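In what follows, a single structure is set out as structure tokens and then discussed.
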């Protein structure tokens with residue numbers, strides 16, 4: 001069957017396409033997932049398996065998805081149906097993974113938006129202990145020990161030595177319950193998260209394509225370059241802090257015994273999948289709007305190593321801040337991981353920065369920007385293949401997807417929502433992505449044929 005290449009929208013320029021792929025692959029995971037895994041798995045020892053797996057697994061698979069997308073010019077469902085109808089389920093699996101990840105990823109962006117608007121205050125609201133008044137967090141008062149005890153007794157941190165930012169995160173933002181069974185309704189911070197479920201399905205390509213020309217190219221330039229400006233500013237500022245060098249030395253001091261642990265290699269491989277967006281279908285969706293003679297080999301190499309550079313840059317910033325935190329605030333240190341690295345460790349450190357609201361606004365604006373770029377690509381992994389395959393009206397599908405995602409997403413913004421975010425982050429994509437990319441490789445190398 002002849003491919004309708006002439007009727008498919010195309011990127012306005014190669015630069016816009018590259019920036020879109022970078023905006024998709026560089027996301028929140030580069031800021032809070034990669035640094036945490038680096039710290040957990042032996043610092044510099046983790047960088048070695050990650051770089052090895054990036055070269056021998058990530059780069060070839062990324063090239064594979066770029067190539068099949070621009071050659072067949074379909075979304076993930078259409079691509080794998082074209083290559084081998086019996087393996088068409090690969091595309092549906094990719095859509096399902098995108099849907100699961102999009103649900104909880106939106107909530108993390110919602111937390112960033114909540115902190116962003118709370119940053120326009122001095123002092124920052126999490127710099128002092130919030131007090132529970134009439135069952136809600138109504139203000140800040142660092143001197144009321146009885147109020148603090150009342151606040152701590154509602155399911156958050158249990159000791160008076162707990163940092164104020166941890167209390168604000170657990171109860172001021174999440175109003176978290178004590179167990180996954182606590183299904184009470186959400187508070188102010190979590191309610192803001194639920195609204196983020198609505199906008200994303202509207203953009204199955206972020207910009208540059210003819211059918212998305214209403215989004216100005218300048219928006220893409222800003223969204224792709226702004227995080228690097230913020231990270232460089234944070235790195236320069238972080239290096240001026242006492243103890244920053246200690247944190248960076250800890251990052252590059254390898255625990256060589258960790259390199260023999262299979263778990264380290266498994267987590268490095270999973271992070272490669274997440275970092276490049278492999279198996280989600282977003283890479284295929286973006287590349288399907290390219291010309292068929294585009295040099296996707298160059299694109300794969302460029303985007304892969306820009307992504308690696310961004311992860312290392314963000315990790316340098318994080319470890320500089322954590323080194324400062326360990327030297328200045330070691331009496332209140334808490335173990336943080338995942339989302340906590342951004343919403344606890346960073347917020348605590350920024351309370352000690354001069355002009356702390358400015359740094360807080362910049363940091364959370366960067367997180368929002370990173371999250372939006374990745375979410376647009378994730379939603380492209382759903383909308384592009386569904387619209388291509390079933391020829392549904394884009395408006396009808398968008399509205400239906402919005403409503404359905406909003407309703408399902410409410411589970412993440414109840415008092416037990418943080419437990420579900422953690423569960424989905426750990427289990428919803430790891431094994432499915434591994435299966436998807438293995439089947440993609442089999443489909444192209446042994447069924448379609450590499451000579452083609």
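Heads up, the Cβ atoms here are built off N, Cα and C, so glycines get one too.
Remember, TrEMBL labels are computer predictions, not curated facts.
Here the Cβ of residue 307 (Na(+) binding site) has 26 other Cβ atoms within 10 Å, regardless of which shown protein chain they belong to. For 23, 26, 30, 307, 370, 374, the entry in TrEMBL reads Na(+) binding site.
What TrEMBL records for 47-68 (among others) is transmembrane segment.
The transmembrane segment annotation in TrEMBL covers 89-117 (among others).
The transmembrane segment feature in TrEMBL is assigned to 225-245 (among others).
The feature transmembrane segment is assigned by TrEMBL to 268-289 (among others). Among residues of the same chain six or more beyond the transmembrane segment (268-289), those with a C-beta under 8 A of the stretch's C-beta atoms are 8-11, 17, 20-21, 24-25, 29-30, 33-34, 37, 41, 46, 49-50, 53-54, 57-58, 61-62, 65-70, 72-76, 79, 91, 94-95, 97-98, 101, 204-205, 208-209, 296, 299, 303-304, 307-308, 311, 374, 377-378, 380-385, 429-430, 432-434, 436-437, 440.
Counting residues 6+ beyond its ends, the transmembrane segment (301-322) has Cβ neighbours under 8 Å at 18, 21-22, 25-26, 30-31, 34-35, 38-39, 47, 50-51, 54, 58-59, 62, 227-228, 231-232, 234-235, 238-239, 241, 244-245, 247-248, 250-251, 275-276, 341, 345-346, 349 in the same chain. As annotated by TrEMBL, transmembrane segment applies to 301-322 (among others).
Outside the transmembrane segment (361-384) by six or more residues, the chain places 20, 23-31, 75-76, 94-95, 98-99, 101-102, 105-106, 108-109, 112-113, 115-116, 119-120, 200-201, 203-206, 223-224, 226-227, 230-231, 233-234, 277, 280-286, 288, 342, 346, 350, 394, 397-398, 401 with a CB less than 8 A from a CB of the stretch. Here TrEMBL flags 361-384 (among others) as transmembrane segment.
The annotation transmembrane segment is assigned in TrEMBL to 396-415 (among others).
Marked as transmembrane segment by TrEMBL: 427-448 (among others).
Residues of the same chain lying 6 or more positions beyond the ends of the transmembrane segment (427-448) and with a Cβ under 8 Å from any Cβ of it are 61, 64-65, 68, 80, 83-84, 87, 90, 93-94, 96-97, 100-101, 104, 269-270, 273-274, 278-280. Neighbour density for residue 374 (Na(+) binding site): within 10 A of its CB lie 26 other CB atoms from the protein chains shown. Residues near residue 30 (Na(+) binding site) in space but far in sequence (CB under 8 A, at least 6 apart, same chain), listed by position: 275, 307, 310, 311, 314, 370. In the structure as shown, the Cβ atom of residue 23 (Na(+) binding site) sits within 10 Å of 24 other Cβ atoms. Spatially close to residue 26 (Na(+) binding site) yet at least six residues away along the chain are 224, 227, 306, 307, 310, 370, 373, 374, judged by Cβ distances under 8 angstroms. The Cβ neighbour count for residue 370 (Na(+) binding site), using a 10 Å radius over every protein chain in view, is 25.
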